[in-house]
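Data block below; observations after.
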Amino acid sequence: MTDSNRDGAAAHSLHAGVYPGNLFMVVAPSGAGKSTLVNALLSKDPEIRLSISYTTRKPRPGEQDGQHYHFTTVEDFRERHARHEFLESAEVHGNYYGTSRVWIEEQMKIGHDVLLEIDWQGAQQVKKQFRNAVGIFILPPSLAALEERLKKRGQDEPNVITRRLLAAGSEIAHAAEAQYVVINETFEHALAELECIVAATRLRFTSQYARHAELFVELGIHLPHAE
């Protein structure tokens, strides 16, 4: 196989929006254990990169720029938005939040998987632009368990917990939009299921083609509808 054919296979893969890396979107109501599971997954799988959002809000105590968020000004955020640099963005309580499209595409093109901790509205925006993005919804084993977890965190007043539980009901209604659902009854089992989802996604035809385009073309295998 010539170098030009190899380059052509890889170029066609990228042109078709199929990257060597995968994009995972993890959605869950507050208290379902999303962040704990995501952090554990990231520590076990060095090939996954966590997307860090841009925000115009001020850093909270202990937060570091580039680790928790990319903290920026309203002017800079609006300029980036005008340049279509964000995959999805929203205004929350007077502050802007956005997910960098440029960074995500760069990571996926070099073969890294990218994970987004995101709400269901953001996931809908992402899915419209990345049809191969994989949605994973984390569910609690019951509403009673969710309430108990929120209380044990000790972070919120009772009225805030009540609001979170009400919000959880509307959020959970969007679980059907995800490709996978993980019920977080026990941490170990839920983490194992997340790892299985990642492994299965990496074996999808489009993922394998993007990672091994040279081999697929040599064997006469092409992307569906490819010319």
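Note: Cβ is positioned from N, Cα and C throughout, glycine not excepted.
Per Swiss-Prot, these features apply:
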type    : residues                               : note
DOMAIN  : 21-199                                 : domain 'Guanylate kinase-like'
BINDING : A28, P29, S30, G31, A32, G33, K34, S35 : ATP binding site
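The least crowded of the binding-site residues P29, G31, G33, judged by other CB atoms within 10 A of its own CB, is G33.
Mean per-residue pLDDT, taken over the domain 'Guanylate kinase-like' (21-199), amounts to 93.
Around K34 (ATP binding site), the same-chain residues at least 6 positions away in sequence with a Cβ under 8 Å from its Cβ are V26, V27, A28, E117, I138.
Just so you know, the Cβ of S35 (ATP binding site) picks up 13 other Cβ atoms within 10 Å once every protein chain is counted. Under DSSP, G33 (ATP binding site) is assigned to coil, being neither helix nor strand in the three-state scheme. Apart from A28, P29, S30, G31, A32, G33, K34, S35, the ATP site neighbourhood in this chain, defined by C-beta within 8 angstroms of the site C-beta centre, holds I138, P140, N184.
When the binding-site residues A28, S30, A32 are compared by the number of other CB atoms within 10 angstroms of each CB, S30 has the fewest.
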